[in-house]
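Enquirer: One structure, as structure tokens, below. Some questions next.
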Amino acid sequence: MSPTPSTHSTSSTSPSSPLHLAVALDGTGWHPASWREPVARPRDLFTAGYWADLVAEAERGLLDFVTIEDGLGLQSSRYGEPDGRTDQVRGRLDAVLIASRVAPLTRHIGLVPTVVTTHTEPFHLSKAIATLDYVSTGRAGLRVQVTARPFEADHFGRRVIPPFEDYDRPAVTELFEEAADYVEVVRRLWDSWEDDAEIRDVATGRFVDRAKLHYIDFEGAYFSVKGPSITPRPPQGQPLVTALAHQSAPYRLVGRQADVGYVTPHDTGQARAIVAEIRAEQERAGRAGQPLHVFGDLVVFLDDERSAAEDRRDRLDALAGEPYTSDALVFAGTASQLADLLQEFAEAGLSGFRLRPAVAGHDLPAVTRALVPELQRRGAFRTAYRADTLRGNLGLDRPANRYAAA
Amino acid sequence: MSKPLKQIHLAAHFPGVNNTTVWSDPEAGSHIEFSSFAHFARTAERAKFDFLFLAEGLRLREQGGEIYDLDVVGRPDTFTVLAALAAVTERLGLTGTINSTFNEPYEVARQFASLDHLSDGRAAWNVVTSWDAFTGENFRRGGFLPQEHRYSRAKEFLATVTELVDSWHGDEILADQATGAFLRDAKAGSFVHTGQHFDIHGQFNVPRSPQGRPVIFQAGDSDEGREFAAAGADAIFSRYATLDGGREFYADVKNRLAKYGRRKDQLLILPAASFVLADTDAEAEDLAKQVRRQQVSGATALKHLEFVWNRDLSGYDPEGPLPDIDPDLGESHIARGRAQVRMYRDPLATAREWRELAAARGWSIRDLVIETGNRQNFVGSPETVARTINEYVQADASDGFILVPHITPTGLDAFADQVVPLLQEQGVFRADYEGTTLRDHLGLAHPDSAGQDQRAAS
């Protein structure tokens, strides 16, 4: 794979660069007591209308994309095992299907479902995301996730995963290496059809030019896949690949395979250090010249007064029985204060943010109706969608096909 | 007193990867763009059809060691298209073929349960099996499955998916904001399955969906396949769309139901059927001939003959006589990834029969393939087609048909506009949807009530 020179390098971001914004959708919001808020609609969680409304709200705010959380087990407050709790949202729908269900109802916003690489097939996933790109006419992506949860492995019975301790154990590192191979397979399958493979040549009776269909012949430590894809190359060529990363193994995955990495710095010093580490991994992977966005993840409580946001957070913490903690920084304050913080982080090298609304029904509209106008006033956010595709809105070119003869 | 008229069930199969689809027709559109699927689905819903049907492919077909390039090649992912179609339709059932060999029950169960939620109860699964290493080369599992295990795995797969979706009973979610009780029961979705093919346990994470379970279709034709369907399917996607062949199959399968404690109306027989419409019967016959010639080019005819001969026949003239040489009786190698190859179990006999037939009628290779290949099932004016379909259904050749047009995506339009109103006038097809779920359209009981019947009976 040769590095593609790009005019959209994001490795340096000046304070005046427009920010990119995404929101992470998960149930009724990221705070475990969020479902108890009057705006939360917990009984609608398993309906299409609920998700269509949230994504429409995000599109109203001109956001780049939404991510949709997923998992192959029941949610748990403990990482490695079910917690047996009945006081929090449990159960969820398949994120790829939610994204696809919403796609025909929206026009501009990117749709980035979470996909678990540990127990699924890259061939199925590749055609699913390619198809999401077709049904959304160029707005599809995916968020790669590994799972080291033993109880989720038990749902598949194919492999035994020992109890989880920390990310840097070899068993977990292997899951990330497998994920990198998985994404490599997915990306090769997207390229396995050249863009003009379908010829419909009535004179010779040939529907496709088989010279433009390619076996990917992937052989790796975890699986092998022959190809080509069953689905023609999707509208974006390569839909957006994203991943959340907190430690070295996932930073390597982002450096090797992602278009957008989500990271969780708690101050600008950390942000600088993380960006430097990801850039080093990117360079090691031979992708130094390629665009790679690093987005900061933040949980947000947004209100007109900081005290109101803090009070709301405290009230939800009291309902949950414990203070909410997260891998990401938990912000409680006003849109203007959040805009200040985002601009500070941007100076440290982040090119955008994925905001996790603490209460989807409250904090998502606060993002679209207060934060976005505030950033627009500062000239730091778009006032209209600029492109037809998700890659286009992120300033990413449509990649050349790796198999096409130059 | 005469028997009351049966109500006809109609569904639409999106035309795809086979030589039924005439891609060279100027009217033929994209088989990939979502707008094609949306047009097709909206037409089917406008016609009040029960459901739309999508086939599946997991490896591009090959012949003579090369990717087959004469038919439509490529298709989108089944689940993803069906979920998107749920957004542009309101009542139409959404049926997808999903392979039970190269998937895992937990994942398929949550995909179908999710689709059923996102479509308000319109999801159906056509369960198919595969065992070949050729397809397996695209999957982690590879080609591990011996052919004799394919039904045992399929049966256990279906049983496991059913256990998973039944693991939520429907009353677990309280979501009581005042008291803070989201779940009634911390064990919601608990399951344990131990069997020959799957050994899994834990908690399923999709709550019970509107239909409880997806509607189950089955497509196999062997004795084992028929038993599998009689034991647990809601509908059979069959290939017997002729009057006599259909009646025989229908009687055979319906008679198998009693031993599983099931009534004859609990399993619908729905053959795939093609059609050609024109203003008059004579015009339709002419059009049908043209369509058959478009479907079977000279090159396509030779490739079709290779399924039987199991040899490269590219040197033969498709407008000339059949090959003198006999088929290669070694292991089938020339065509891979095609279901049709298995239809010719005695290649020597088939070759002899075809040669005699062609010699007697003066047919070329291409004529032979056209004349012995899949004929259009219903050819004629709208009146003729409506009358014939009704006759077949009333004669118990089927409970209805899954129509496969030969043009993408507009091939259903004329049927919807011209044939459906005639069936409605005759009182054998609904004027509007009476229910909201696919089970409602098919007249199938909700599994929860059926389950209560069973529990009461046992």
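Using the three backbone atoms N, Cα and C, a Cβ is placed for every residue, glycine included.
Those TrEMBL annotations? Automatic predictions, nothing curated.
Pulled these features from TrEMBL for this protein:
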type: BINDING; residues: A:Asp70, A:Thr114; note: FMN binding site
type: DOMAIN; residues: A:46-316; note: domain 'Luciferase-like'
Enquirer: Determine, from DSSP, whether A:Asp70 (FMN binding site) sits in helix, strand or coil.
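Expert: For A:Asp70 (FMN binding site) - judged by DSSP and reduced to three states - the answer is coil.
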Enquirer: Which residues of the same chain, at least 6 positions away in sequence, have a Cβ lying under 8 Å from the Cβ of A:Asp70 (FMN binding site)?
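Expert: A:Arg92, A:Asp94, A:Ala95, A:Val96, A:Pro113, A:Thr114, A:Val115, A:Val116, A:Gln145 - these are the non-local Cβ neighbours of A:Asp70 (FMN binding site), listed in sequence order.
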Enquirer: Using DSSP with the three-state reduction, classify A:Thr114 (FMN binding site) as helix, strand or coil.
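Expert: In three-state terms, A:Thr114 (FMN binding site) counts as strand.
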Enquirer: Given the model, what does the mean pLDDT over the domain 'Luciferase-like' (A:46-316) come out as?
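Expert: Result for the domain 'Luciferase-like' (A:46-316): average pLDDT 95.
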Enquirer: If you count Cβ atoms within 10 Å of the Cβ of A:Thr114 (FMN binding site), leaving out that atom itself, what do you get?
Expert: 24
